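J.: Below is a structure I'd like to ask you about.
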Number of protein chains: 2
Amino acid sequence: MSPMQMKTPKGTRDWAGEDITLREHVFDKIRSIFRLHGGAELDTPVFELKSILTDKYGEDAKLIYDLQDQGGELCALRYDLTVPFARWLAMSNVRQIKRYQIGKVYRRDQPAIARGRLREFYQCDFDYAGTFDLMVPDSEVLSVIVEVFEALRINVTIKLNHRCILDGMFAAVGVPQDQLRSISSAVDKLDKSPWEEVKKEMLQKGLAAEVVDKLGSYLLSSDISNASDIESTLSFIKSDEVLMANEDVKKGVQEMELLSQYLSAYDIATYVKFDLSLARGLDYYTGLIYEVIPESFSTVNGAALQVGSIAAGGRYDTLVGMFSRRDIPCVGISFGVDRILTILNARQNRVEDPKPKIDTWIIASDSSSLVEERMAIARELRQAYISVDFNPNASQKPRKQLEAADCVVVAVYLEEDTETAGGIRVKVLTLPEKNLDKATVVDREDLVDEVRKRLV
Amino acid sequence: MSPMQMKTPKGTRDWAGEDITLREHVFDKIRSIFRLHGGAELDTPVFELKSILTDKYGEDAKLIYDLQDQGGELCALRYDLTVPFARWLAMSNVRQIKRYQIGKVYRRDQPAIARGRLREFYQCDFDYAGTFDLMVPDSEVLSVIVEVFEALRINVTIKLNHRCILDGMFAAVGVPQDQLRSISSAVDKLDKSPWEEVKKEMLQKGLAAEVVDKLGSYLLSSDISNASDIESTLSFIKSDEVLMANEDVKKGVQEMELLSQYLSAYDIATYVKFDLSLARGLDYYTGLIYEVIPESFSTVNGAALQVGSIAAGGRYDTLVGMFSRRDIPCVGISFGVDRILTILNARQNRVEDPKPKIDTWIIASDSSSLVEERMAIARELRQAYISVDFNPNASQKPRKQLEAADCVVVAVYLEEDTETAGGIRVKVLTLPEKNLDKATVVDREDLVDEVRKRLV
């Protein structure tokens with residue numbers, strides 16, 4: 001008996017039983033939506049060269065898991081599926097693709113398991129890469145988001161912002177160019193922290209008090225509090241001369257107007273809020289950014305804390321160019337499956353009809369265990385794609401064997417019988433009936449057909 | 001433009017295109033067999049506490065990938081799926097289960113990519129845990145192996161041995177008790193290296209020359225060369241008084257006799273060879289062990305080198321006990337998917353009928369790009385579970401748009417038309433016909449039905 005710690009590493013977990021059944025159900029739903037859009041699957045290694053991950057994640061880079069240097073290359077566990085996708089695009093000849101990937105990613109964050117925040121967690125990513133008409137891929141990605149949550153029956157709000165508008169606003173109030181990402185990262189905390197804290201962080205980062213206050217006047221404006229629809233926020237921006245004097249803001253506004261049109265075409269405009277305080281922590285976004293908040297947690301200000309966003313993404317037009325001479329503009333979405341499962345579990349919205357693990361169960365009379373006959377019949381049924389099992393402790397009494405047959409549809413009951421050819425009488429019983437006297441005798445060669453008939 | 005290396009880490013690869021399609025096809029086949037046997041899925045973290053992996057893998061432990069110590073627990077990437085399964089069993093209340101797991105494992109080995117040997121590779125494991133009648137679970141696991149390779153249409157030979165017979169033989173010829181595993185590991189190389197090299201390794205490990213020679217007389221015996229069927233090898237052992245004087249050998253022989261009976265019941269005896277030189281490198285096996293060799297590579301002595309085994313496993317009755325006070329006997333099999341794919345690719349036995357990525361393609365006349373109408377129709381079709389796409393460069397000419405519609409079944413063609421209600425005339429064309437004049441006009445509200453009809 002060893003004194004070792006019996007646990008999974010901090011922030012990780014095993015998946016088994018109903019949990020993995022529900023998870024696979026969610027993966028299937030998401031995968032089927034991705035395929036309705038023509039998504040092609042990609043799978044990349046769990047770790048990448050450390051250099052691939054460097055300078056992609058801003059302040060979050062400290063959360064990257066490194067592999068130990070055991071001689072050879074320096075590697076790190078992937079932090080998301082986006083950077084590996086961009087690396088793959090840069091290495092391949094592909095210039096346009098809708099790709100999806102479902103896989104685990106790794107962040108040395110403070111885990112909060114009850115809220116579905118782990119260090120090893122699944123992401124389901126859909127990304128649309130290629131040089132295309134403005135906002136056409138972006139609006140399709142947003143329609144993917146809506147379709148996924150419609151399929152999962154989770155009511156959501158998609159909070160949108162545009163990096164050009166955000167950065168233009170920062171520039172317009174006087175944030176120095178080299179502090180854009182650092183201040184953006186502070187603003188991103190507004191959904192979890194009160195303004196006073198965010199303000200303090202900005203001051204600590206060296207921003208002048210008057211710049212912070214001007215920024216606050218936009219971010220906290222009552223005209224757009226709690227995130228308004230696209231039209232209202234656009235009106236607010238367009239009525240502000242300081243903002244509209246900035247070229248980046250102007251460009252972002254044009255794109256948001258086009259997007260608004262396309263969201264109406266997709267009939268998904270009602271899902272969307274335009275939130276000027278949405279910033280997203282990651283460095284690589286260049287245009288539209290978005291976060292998906294489950295509706296029941298997003299009504300009261302600050303309550304989004306409970307689960308946080310359950311999907312997030314945006315446009316990143318220069319990430320592939322960090323890996324290769326040729327840029328490929330991309331836009332994508334990443335679904336956080338663990339948090340989605342937390343919601344489905346909390347709502348007891350579990351898979352209603354878990355499939356029986358096994359269709360058929362083979363038992364035998366007390367007089368003999370007939371193990372080899374069970375094996376022969378099991379092989380035959382499985383060859384007919386009928387799932388089947390028997391108790392490997394063959395000598396148990398038949399009634400006890402039958403009791404173990406939970407979630408089973410048909411029982412096959414074997415008895416020794418000198419009058420039957422082959423010496424074995426075969427009976428079939430459809431459960432939940434467990435009275436063996438009610439079992440029907442069938443010919444050995446009709447068994448597979450008889451079982452199949454009872455399973456339909 | 002950065003000078004960074006554009007590659008995946010040594011011994012790892014991306015999966016995309018036809019490769020991942022074939023791989024998912026193989027996973028589906030394997031998973032369906034596992035489920036026919038009542039297998040339940042398990043998923044464990046990619047890394048484990050280092051202490052969990054310690055003292056499980058014998059000489060191969062040097063191949064384990066460690067995570068860097070960044071403060072907190074010492075962790076390592078999983079080396080197989082068996083030890084994590086045993087750790088999970090020890091932590092849970094489950095006392096009997098058939099579990100399967102499909103996942104990546106990690107070994108800092110010398111990669112040989114052409115032969116499907118990588119540092120990150122997939123394993124598909126099926127294990128039968130619980131205290132049951134002798135050899136009943138073991139024979140079922142062997143039937144799983146046969147069914148999987150029948151489903152994949154790969155002819156295989158399953159080489160069997162029994163650790164009790166192997167260790168008994170070692171003891172009978174005079175191998176010291178504390179050298180059993182180390183000598184076993186040398187014997188395991190006999191399929192890749194000539195006897196002279198294996199002999200040298202044993203002598204270097206301090207085994208007396210006469211012990212080595214006695215061992216050689218068994219391992220190289222012409223009576224059982226090239227691995228015989230179970231009956232022949234059992235006869236060879238039973239005719240040898242030195243071996244039969246050993247209690248472990250006797251126990252192993254009894255189990256192999258019972259197994260032989262059960263393999264006949266499953267009608268899979270012809271797949272099996274009993275090979276006294278099969279040893280398996282891992283420490284944790286305690287009974288039956290086996291390796292699966294693809295037939296075309298296994299006829300000539302030594303040629304198995306080309307791909308090596310494509311599945312391997314055995315009985316491990318004490319591994320769970322290394323983690324908990326309560327032992328749970330287990331027996332299982334691990335399929336090496338990468339090597340299986342190497343074979344399928346070499347045989348050009350690829351998926352014959354790759355499904356079209358997309359069923360429907362929406363195009364529009366030159367006069368207007370009708371982007372928003374395409375979006376509205378795309379959303380409608382996807383809601384009806386019909387996969388659909390359109391060129392996001394909307395202003396392309398319709399004939400060019402149609403050319404891009406590879407692997408598509410139905411095209412929806414939109415034209416502006418003042419005489420139609422809504423201003424849009426909708427036409428439908430079943431491909432490969434690409435003459436737009438042959439498209440049929442349909443009412444807007446009949447579109448989904450019409451497309452569905454043409455897809456069936």
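Cβ atoms are placed via backbone N, Cα and C, with glycine included.
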J.: Quick check: of B:ARG107, B:ARG108, B:ARG153, which does TrEMBL put in the same L-histidine site as B:ASP80, B:LEU81, B:THR82, B:GLN123, B:ASP127, B:ARG280, B:TYR284, B:TYR285?
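T.: The candidate from B:ARG107, B:ARG108, B:ARG153 that TrEMBL ties to L-histidine along with B:ASP80, B:LEU81, B:THR82, B:GLN123, B:ASP127, B:ARG280, B:TYR284, B:TYR285 is B:ARG107.
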J.: Max Cα distance spanning B:ASP80, B:LEU81, B:THR82, B:ARG107, B:GLN123, B:ASP127, B:ARG280, B:TYR284, B:TYR285 (L-histidine binders), Å?
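T.: So the maximum pairwise Cα distance among the L-histidine binders is 21 Å.
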J.: Rank the binding-site residues B:THR82, B:GLN123 by how many other Cβ atoms lie within 10 Å of each Cβ and give me the one with the fewest.
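T.: Least crowded of the binding-site residues B:THR82, B:GLN123, by Cβ count within 10 Å, is B:GLN123.
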J.: Under 8 Å Cβ-Cβ from B:ASP80 (L-histidine binding site), six or more apart in the same chain: what's there?
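T.: Listed in sequence order, they are B:VAL105, B:GLN123, B:ASP125, B:LEU282, B:SER334.
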J.: Could you tell me which three-state DSSP class B:THR82 (L-histidine binding site) falls into?
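T.: Assignment for B:THR82 (L-histidine binding site) reads helix.
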J.: Mind giving me a neighbour count for B:ARG280 (L-histidine binding site)? Other Cβ atoms within 10 Å of its Cβ, every protein chain shown.
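T.: A count of 22.
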J.: Among all the protein chains here, how many other CB atoms are within 10 A of the CB of B:TYR285 (L-histidine binding site)?
T.: 26
